[in-house]
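These notes concern the structure reproduced below.
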Amino acid sequence: VLMETLGALGAQCRWAACNIYSTLNEVAAALAESGFPVFAWKGESEDDFWWCIDRCVNVEGWQPNMILDDGGDLTHWIYKKYPNMFKKIKGIVEESVTGVHRLYQLSKAGKLCVPAMNVNDSVTKQKFDNLYCCRESILDGLKRTTDMMFGGKQVVVCGYGEVGKGCCAALKAMGSIVYVTEIDPICALQACMDGFRLVKLNEVIRQVDIVITCTGNKNVVTREHLDRMKNSCIVCNMGHSNTEIDVASLRTPELTWERVRSQVDHVIWPDGKRIVLLAEGRLLNLSCSTVPTFCLLTLIVFSTQALALIELYNAPEGRYKQDVYLLPKKMDEYVASLHLPTFDAHLTELTDEQAKYLGLNKNGPFKPNYYRC
């Protein structure tokens with residue numbers, strides 16, 4: 001939907017995958033038949049992944065003027081291999097927590113040479129993609145891969161950001177006993193107030209039936225944790241990158257890998273204990289299931305990212321410097337308003353007197369740009 005929309009608006013688009021398991025081959029084929037250069041297929045190797053990104057941008061006679069990224073790998077590759085391209089690039093739009101972290105690191109180091117729009121922290125993206133979408137797709141991914149029942153299962157969710165909140169809410173509603181690990185005291189307090197037991201991973205690792213990571217960090221689940229898990233524990237990741245679970249430490253001679261079905265591996269210890277590893281530690285919902293189209297396609301990717309690209313591309317000289325910016329609140333609210341008719345929802349309008357009392361324009365924005373909830 002996003003590619004077709006950008007094409008209809010006059011953009012020349014080239015596409016590579018952001019995750020080796022997330023491409024739907026039928027979608028890639030349909031776009032290719034429509035004339036879009038596509039470099040992606042489901043189940044790429046690591047080498048294939050970087051080859052696809054390189055082929056996407058390294059073509060004679062073509063120069064990108066905008067980057068639309070998910071995870072920061074495309075931006076990283078251009079910085080690493082083709083830095084001269086940034087002379088004609090007007091901006092970067094990034095939609096993931098991981099990619100935004102990488103942009104802020106570039107900015108802090110003084111290496112960000114074009115403006116960047118942080119779409120991930122827009123309210124519409126955070127709530128619909130990270131919270132509501134993951135609240136539904138976590139159950140879908142686990143069911144499709146393991147056919148498990150959730151009632152009574154003990155689950156530890158690492159991270160209580162928007163993704164963690166969605167996962168915890170879904171699992172709690174299904175009757176699971178949910179523990180949470182968190183480094184941020186504010187998120188930790190929210191977990192406690194929402195009725196979840198805040199623990200350190202070491203405290204519950206021997207007893208839980210499922211471990212889910214959603215922190216955006218690295219080495220959250222280490223080999224030591226994996227060694228102490230009980231037999232048949234399910235291990236999976238809902239963060240963007242495959243860095244959260246130390247999967248590399250499991251590829252050793254004393255452990256046996258057994259492929260049970262697509263995206264499901266049993267890793268077997270010498271004493272017969274096994275864990276169930278999903279998608280080799282990669283993003284579960286994009287690798288093993290589908291995501292709700294209303295959340296991802298129409299509201300988030302289509303509307304929010306398209307508007308961010310248009311804003312950066314058309315911005316007059318000097319409006320945006322070489323820094324990372326939040327999506328303007330007016331656009332955030334506009335995206336939300338476009339989708340209210342789906343629910344037959346009717347907004348209340350301020351009277352002139354009410355607008356004056358609050359010091360607002362009747363048409364918004366209704367919240368300051370730093371507002372996140």
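The backbone N, Cα and C atoms fix where each Cβ goes, glycine too.
According to TrEMBL, the protein has these features:
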{"type": "DOMAIN", "residues": "130-291", "note": "domain 'S-adenosyl-L-homocysteine hydrolase NAD binding'"}
{"type": "BINDING", "residues": "Gly161, Glu162, Val163, Gly164, Lys165, Gly166, Glu182, Asn285", "note": "NAD(+) binding site"}
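If you average pLDDT over the domain 'S-adenosyl-L-homocysteine hydrolase NAD binding' (130-291) in this model, you get 94. In the structure shown, the C-beta of Gly164 has more C-beta neighbours within 10 angstroms than that of any other entry among the binding-site residues Gly161, Gly164, Gly166. Considering only the residues assigned to NAD(+) binding, Gly161, Glu162, Val163, Gly164, Lys165, Gly166, Glu182, Asn285, the longest pairwise Cα distance works out to 22 Å.
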